[in-house]
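Chemist: In case it helps, Swiss-Prot gives these features for our protein:
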- 18-111: repeat 'Solcar 1' (REPEAT)
- 115-208: repeat 'Solcar 2' (REPEAT)
- 218-309: repeat 'Solcar 3' (REPEAT)
- 21-41: transmembrane segment (TRANSMEM)
- 59-79: transmembrane segment (TRANSMEM)
- 112-134: transmembrane segment (TRANSMEM)
- 184-205: transmembrane segment (TRANSMEM)
- 220-240: transmembrane segment (TRANSMEM)
- 292-315: transmembrane segment (TRANSMEM)
Amino acid sequence: MTLTQAQMAPATDSREMVSPAVDLVLGASACCLACVFTNPLEVVKTRLQLQGELQAPGTYPRPYRGFVSSVTAVARADGLWGLQKGLAAGLLYQGLMNGVRFYCYSLACQAGLTQQPGGTVVAGAVAGALGAFVGSPAYLVKTQLQAQTGAAVAVGHQHQHQGVLSALETIWRQQGMLGLWRGVGAAVPRVTVGSAAQLATFTSAKAWVQDQQWFLEDSWLATLAGGMISSIAVVAVMAPFDVVSTRLYNQPVDRAGRGQLYGGLTDCLVKTCQQEGPLALYKGVGPAYLRLGPHTILSMFFWDELRKLALRAQHPGT
């Protein structure tokens, strides 16, 4: 989930801008490339968030006890390739969600909305909400596939899907089209607050790093450091919604397609806090940060390089 400084401060020179359609392709491609590297962390985060679901602390087995031991547990149970569970669904989600998000934000930039006070945050939040809605079915399948594992280390409900298409077909057949958007009520605020927080903090964080003169002027290390600092704010506001999203997406449903554990966002928040304590809303926050930091930087790097290529093709010889 990243938007670069170039997007946050729209260029006045048209030669430095690409069309919203191009931004859609570049943004989706960049985030998909980043997803390939960070998906193992997403698998670990998902398992940690489901571990001990609606059980009091200390009353359940803990096959996952931290980042390193969790990676080892996944590799032992599912093989090394198990660390890439749900990758196809993750790529689909990143492509859909970020494609829509970059496209909508680029439209806002072209219209001059981001130059208004608070426009950057509002545009980022709205673009994030729209992207989350479009990508919700892919996130649903990704979560369920990443939760699947052997009985010895299983956490959360096990859906037993055979793959992305099989999962989509099963959900459609059993729950109808609306079933594909089950859990979207938590996904939309999750991406909305994350997108707004990222946009509100990245520029100032990068500027602060540059003011410290730790790196050479225009060094990519300043972008990296700014992104890592910004990621702290993003994880802090996203983590509770992330836990709730994972649980709503993964819970079993009855024949009418209603969740058997939670009635929705608020119900999940209340039940989780009552039975596991408030800190349960930050389960998996370590891997979440370890994933988001690299994902942010990789997305920025890939997006920036792809954008440079697009601008060269758009204005050859300049």
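Please read every residue number as a count from 1 along the shown chain.
Any Cβ shown, glycine's included, is placed from N, Cα and C.
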Chemist: If we call contact 3 or more Cβ pairs under 8 Å (sequence gap 6 or more), are the transmembrane segment (292-315) and the transmembrane segment (21-41) touching?
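Modeler: Stretch pair touches.
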Chemist: The transmembrane segment (112-134): which same-chain residues, six or more beyond its ends, come within Cβ distance under 8 Å?
Modeler: 1, 3, 8-10, 96-105, 181, 184, 187-196, 198-200
Chemist: State the residues, same chain only, that lie 6 or more residues beyond the ends of the transmembrane segment (184-205) and have a CB under 8 A from a CB inside it; answer 'none' if no residue qualifies.
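Modeler: Distant Cβ neighbours of the transmembrane segment (184-205) are 1-3, 5, 8-9, 97, 101, 120-129, 131-133, 135-136, 139, 225-227, 229-230, 233-234, 236-238, 241-242, 244-245, 248-249, 264-265, 268, 296.
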Chemist: For the repeat 'Solcar 2' (115-208), what's the mean pLDDT in this predicted model?
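Modeler: 90, rounded to a whole number.
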Chemist: With DSSP, how much of the repeat 'Solcar 1' (18-111) is helix, how much strand and how much coil, in residues?
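Modeler: Residue counts in helix, strand and coil order: 72 helix, 0 strand, 22 coil.
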Chemist: Per DSSP, what is the residue tally for the repeat 'Solcar 2' (115-208) in helix, strand and coil?
Modeler: 75 helix, 0 strand, 19 coil
Chemist: Count up the helix, strand and coil residues in the repeat 'Solcar 3' (218-309) according to DSSP, in that order.
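Modeler: With helix first, then strand, then coil, the repeat 'Solcar 3' (218-309) has 73 helix, 2 strand, 17 coil.
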